[in-house]
Amino acid sequence: MVPSSSTSTNPSRPDRALQRGMKDALPLLLGTVPYALVLGAQARSKGLALFEVPLLTGLNFAGASDFAAIQVWTEPPAILVIVSMTFLINSRHLLMGAVLSPFLRGRKLSHILPALFILTDESWALSMAESQRRAASNAQVLFSFRYYSGVAGTFYIGCVAATTLGAVIGPILGPLDHYGLDMAFSAVFLVLLRSMWTGWRAARPWLTSLVVAAATFLLLPGAWYVVAGTTAGLLHASLQARMSPDVPTISEGSAEEGQPSETVQQKNQSDGEDETPDPAPAQPQRQAPPEPG
């Protein structure tokens, strides 16, 4: 019998999830490259050495807080001010991490920490959109860790490389923001919103976060609007989930040794198999010999 070739051509196989994540990340990565170049150039203009720029973006992988840190950079740097501002701006990761936590439950800590370290708005949005597509198609596994790794890893390597390139060409070309490259950030954000749109009901927490953040921005100085908007969005999402019994949830893991429950194991295979394997080829049935006449 000729073996089935579906194991090598089926795009839903686990070995294809990583490749699909990398492929889906490339269009958005091209949109982030312009403001990564601007960030690298601004870092050099503030006195950072060439080798310090990839350290900045690689160890604090969050573009918005990197921009904020560069804007208030002095010699010597005001460490407390920079750390506080970075925490406030990155507090939106509390919301993204809360959404990801049910999918990561049951995995090893050595897998969770690197995954959260390279978490960005883009990788979070693409992974959540992928989970929505899986849920719509009644897939057994709602979250592909391999897909997320492909998206987040591609963004990490690409953004660090782009900021380094900006640090190299910045002194040659002058201020890159004069070319309008900083508008790429807003364009990428609009693309992410469009890909995540599922209706007004799901957007209510985001609208609440927007209104509260805008009001706080007008009333209070600094980056407190980020904390206020994130907190308001979390509270609204939590109340909406409690008041809607039809919203599907992922059950909590068992209390013994932190093992996930059976439901979590079915929806998030923690051993690394993110996709449903192909069924084994059917074996031919052996016919019984004819009875003697």
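Placement of Cβ uses the backbone N, Cα and C atoms for every residue, glycine included.
What TrEMBL records for this protein:
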COMPBIAS  260-269  compositional bias 'Polar residues'
COMPBIAS  278-293  compositional bias 'Pro residues'
REGION    246-293  region 'Disordered'
TRANSMEM  67-89  transmembrane segment
TRANSMEM  147-169  transmembrane segment
TRANSMEM  181-200  transmembrane segment
TRANSMEM  206-235  transmembrane segment
Counting only residues 6+ away from its ends, which parts of the chain sit with a Cβ under 8 Å from the transmembrane segment (206-235)?
68, 85, 88-89, 91-92, 94-95, 98
Which residues of the chain, 6 or more past the ends of the transmembrane segment (147-169), have a CB below 8 A from one of its CBs?
17-26, 28-29, 32-33, 36-41, 43-44, 48, 50, 53-54, 56-58, 61, 63, 66, 115, 118-120, 122-123, 126-127, 130, 176, 274
